[in-house]
Each structure stands twice: as C-alpha cells, then as structure tokens.
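Novice: Take a look at what Swiss-Prot says about it:
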type	residues	note
CARBOHYD	Asn45	N-linked glycosylation site
CARBOHYD	Asn68	N-linked glycosylation site
CARBOHYD	Asn130	N-linked glycosylation site
SIGNAL	1-17	signal peptide
TOPO_DOM	18-333	topological domain 'Extracellular'
TOPO_DOM	355-369	topological domain 'Cytoplasmic'
TRANSMEM	334-354	transmembrane segment
Amino acid sequence: MPPMLWLLLNFAAPALGFYFSISCPSGKQCQQALLSGNDILLYCNSSGAHWYYLFTQGKKGRLASLTNISNMEIMPEGSLLIKDPSPSQTGLYHCWNKNGRQVVQYEIDFQDISTLHVTHKDLGQRPLQNETLPLGSKELIFTRWEPWQDCNRCKEPGERKRLGYCYIEEPLKEAMPCWLYLGEMLVWSSRLRPELQVEACHVRCTNNTQLRVDYVIFDNFRLDEETEFVWLDCPLGSMYRPVYWHANDTPLTWESQLSGRDFTTFLDPSTGGRQLQVFQPAIYKCFVQQELVAQFNPATSPETLEAQWRENDAQWREARKALPGRADSVLKGLKLVLLVGTVLVLLGALLKFIRPSPGKRSKQVLMVK
C-alpha cells in the first residue's frame, strides 16, 4: 500500500476514536481473552492515570511502570491503547489515578492470532473439539465462544462471525484463558489456539449498528510489480467489528474463500477481514457495521492512458474530416432561416398596409428595397 495511504489510515482512527475497547467496573479486577495483532483500548476513566504491568510469560517479575513500550499509549482520559499486541504481552495491567489509588485491574490473555482456527458453519466445517491438557492431570481445554457479531450486510444476504477463545478448566475450579493459566509453563498442544467461526445471515436494515461517519476515497492503488498483489486496509475495520468488501459491486464472502472458489482476493482472517489482498485492479469498497467507510480506485496504467489518447486522437481527426460537410449544411440552414424570416416580415407589413388599425387615419407606405 502506498505510504501516504498508510499515513491517512493511521491518522483516521485516533481522530475518530473508534478503537474497540473493553471496560471493567471501577475498583474491580477483570479477566479477558483477546487476540494478538488487533488494537485494543483498556478503559480507565481517570485523567492523568498511571499504568503498571506485569507480563506473565517468561521470567518472574514485579509490576513495572508502563513507559517506553512502543506499542502502548496512555490516552488523555486515562485509558490504555495497545496497538498490535503480541502474545508475549499477556499479563496484568493496573490503572492507578494521580492520587496513587488503583482504579481498575485487567488480566489480559493475548492469544496468538497466527494459530487461529477458521471455520464456516454453512460449509459443514467443524470447530475444535475439547481435549485434555497433556500434563497428567484432568485439565480440560475448550473454546469459550463470544456472542455472534452483527450481520455485515442488511437487506441482502450477508455473513456474521464470532470469536472463540482457548480456556482451561480444572475440576471444581473456574476456567481461565489458556495462557493466563499456563503462565511460565512450556506446554505445546495443537488445541491451544483461538477460533473464528462464520455463518450466513439475512437481516433487515436498522440505524442501530451504523457508525455514522463519512467515507473516504483512496485513488491510484497499484499492484506490486514483483509480487503482483497489494494489501488494502479498511479504516475502522477490526476483528471485533463486522467488515464487508465489494469488488466492482460483487460481494466478497468468507464462504467463497473458504470453499476455494475465489482466488482473485484474500480476506485476511487474522484481521477479521479488515485487510484485503487483491491480485487484479478493480474498484474495491469496504463497509464496517453495514456502512460504507472507504473506496479504493486502481491507478490507470500507462498502457491504458496511451490507448485512451489514441482513441481520442482518432475521434478528433474524424471530426475534422467531417467539419467541411457539416459547415455547408449549417450555412444552407442559415440561408433558409433568413429567407423565411424576410417573407414573414413582408407579409406582416403588407397586412398592416391593407387593413389599418381602427381610429387611426394615416398614410402608410410600404417600401421594399
């Protein structure tokens, strides 16, 4: 993607404040599984707040002040923005007010997006089955599903998705997100992974889900000459929001991609379809929460510009050839109009001369030159 396009996208989201956020009641401790690689806002309503963290993977440590971590930013109102979080940043996040009192505490498991298991319900693809953790005990690994997101289209057939997070449960104990449970333990299992499930949907249009933002048009995207593809990034799109793409007004669906029928584009599962890989020029439109937010127009190639120039030049030459004949026709038409006009003037004057107006006795002379 062109650097300017990335720059515009990076400025768009902070200005509009549309980061996906999670919140926790003041004074409470909340536990949440999320996905790595997807921006998140940890809510803390305390202006001038200080944040402390403790990453639970790796060596044991203690709470440290959150400074100089490149992908984290404390917002003016006190919330913590984490851009492109990594699995290694799984851990504890504490928000303290400027008086030194704890406002809220989060336990966050950033589950590895690169291991995401994707299925489509209408294709008969099945989610992961429950398994036992290979530790010799009876810990159960299972998927805890989030509610279905809104349908990505209304009035027309669309799709919706839901996220499933890896959880581990011991007998008679409350389940925990997998990597918060495992902490420093080095355990490998193909079952320790998050999930994404998609299904078809068809709903009526309402105003409840719309973002109510103006859409933006990006011109002149080009396919990379070496790779022959380019990535398009939908502003405000997120794994946690409904996203939908058009290519020349043709819907791009998860069902087509996961069934192997569509090879001209690729919806990136790790971003929930926010990023689209395209292999041919077209007009691409993206929608977030059923609302158009961006349109991407392809750049015109030099070959196309040259062909258009040649076509315009040929049309101009044809017009010049036809110009003399058209001029003669126009001249003849003008002469005919002048002749008819002269005759009408003479007839009008003659009628006035023959029948003068009542009450007027004057001599009228018709002069014809």
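Placement of Cβ uses the backbone N, Cα and C atoms for every residue, glycine included.
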Novice: Work out how many Å separate Asn45 (N-linked glycosylation site) and Asn130 (N-linked glycosylation site) at their Cα atoms, rounded off.
Specialist: 38
Novice: Between Asn130 (N-linked glycosylation site) and Asn68 (N-linked glycosylation site), what C-alpha distance do you get in Å?
Specialist: 40
Novice: I'd like the Cβ neighbour count for Asn45 (N-linked glycosylation site), meaning other Cβ atoms within 10 Å of its Cβ, all protein chains included.
Specialist: 14
Novice: Please compare the glycosylation sites Asn68, Asn130 by how many other CB atoms fall within 10 Å of each one's CB, and tell me which has the fewest.
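Specialist: Result for the glycosylation sites Asn68, Asn130: minimum number of other Cβ atoms within 10 Å at Asn68.
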